[in-house]
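A quick write-up on the structure given underneath.
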Amino acid sequence: MSRTAEISLPQTCRRRLATTIAWPLALAVLVTAAMLTALSIGRFPVSWAEILHFLATAAGLSTMEQTRFDALRNILVDIRLPRVLAAALVGMALASSGAAFQAVFRNPLVSPGLLGVLAGSAFGAALAMVLDGSWLLVQTLSFTMGLAAVALGVGIAHIFGSATMVVLVLGGIVSSALFAALLSVVKYVADPLNQLPAIVYWLMGTLAHASLDQLAWTAPPLLVAVTAMSACGRALDALSMGDDEARSLGVPVTALRYGVIAAATLASALTVSIAGTIGWVGLIIPHVARLLLGPGNQLLLPASALLGAGFLIGADCLARTVAEVEIPIGIVTEMVGIPLFLLVLHRSRRGWL
């Protein structure tokens with residue numbers, strides 16, 4: 001080995017180590033700043049200094065006038081914190097699911113709704129609004145119907161084919177079409193004065209109904225699913241070289257593929273039960289992460305999660321503040337996501353076309 005190679009190899013390792021450490025830290029700082037900003041803005045602005053003072057007082061490290069403390073607790077903890085946490089969790093789940101699906105199917109244009117989970121969850125939420133209207137039933141049926149839609153797509157793939165990736169995608173298309181048709185039926189029979197507007201508003205995406213009680217039972221399985229997808233990064237890198245190469249490296253290809261699909265489906269179904277249908281996050285954010293960090297899934301998956309959290313927190317800030325009335329967050333992600341996707345397409349066109 002030449003002296004140049006001996007010198008360049010440690011330099012390459014150092015650069016890779018620096019990237020591995022620096023980017024996650026930078027993204028974590030970005031998410032923290034986004035959360036503080038989201039807590040501070042609104043109809044009643046609260047400065048970062050006041051937020052930190054409130055936190056110090058709550059921890060017993062400082063003092064504050066009781067009336068001011070109670071007012072800040074109402075604004076920050078009861079009203080804004082659930083939305084901020086919900087935005088972070090939903091963005092994290094959608095971005096991770098999108099990156100995982102793109103890795104499993106080896107297709108950069110795949111999104112979390114590929115196998116029908118979003119269509120099924122939307123139908124479940126709409127059906128609950130017609131039947132009962134309670135948010136507990138909305139979240140429960142949204143979650144279960146999302147899982148049922150994916151199970152149907154996978155079942156179709158197994159019945160009519162060998163469960164290859166192409167047949168699996170076709171099964172997902174059939175499942176999505178079926179649940180979209182069922183959603184149309186529910187809209188048709190819904191009360192046009194009360195139920196139908198609620199269904200339409202929910203399908204546009206909203207974090208207005210987020211609560212700490214809701215997040216207490218949705219956050220743990222969602223975080224487990226995101227962590228599981230991130231833990232599969234090295235195996236997904238091996239899978240990107242092809243099934244045969246991955247098997248030669250000891251990767252259980254079938255178990256990995258269906259395990260990642262199950263985790264991504266769980267996370268995606270939970271996002272709809274929390275916030276309705278929010279598009280573009282699972283498609284755009286993984287590409288932004290690739291432009292920053294490269295294609296390696298071991299770093300891409302956690303980076304996508306952090307970027308997705310920051311992106312959706314920012315989108316929720318726009319939804320709350322850009323107009324006098326709150327705009328559905330799904331509209332904001334679409335309006336921001338389309339030009340961002342065109343920019344990513346321009347930067348990545350050589351690898352796609």
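A Cβ is built for glycine as well, from the same backbone N, Cα and C atoms used for every other residue.
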_Stated TrEMBL location of transmembrane segment, expressed as one of 143-160, 197-214_ = 143-160
*So which of 111-131, 143-160, 166-186, 297-315 is most in touch with the transmembrane segment (327-345), counting Cβ pairs under 8 Å?*
297-315
*Could you tell me whether the transmembrane segment (258-285) and the transmembrane segment (166-186) have 3+ CB pairs under 8 A, leaving out pairs under 6 positions apart?*
no
_Among the ranges 21-41, 84-105, 111-131, 143-160, the one whose Cβ pairs under 8 Å to the transmembrane segment (258-285) are most numerous_ = 84-105
*Given the cut-off of 8 Å on Cβ pairs that are 6 or more apart in sequence, determine whether the transmembrane segment (84-105) and the transmembrane segment (143-160) share at least 3 such pairs.*
no
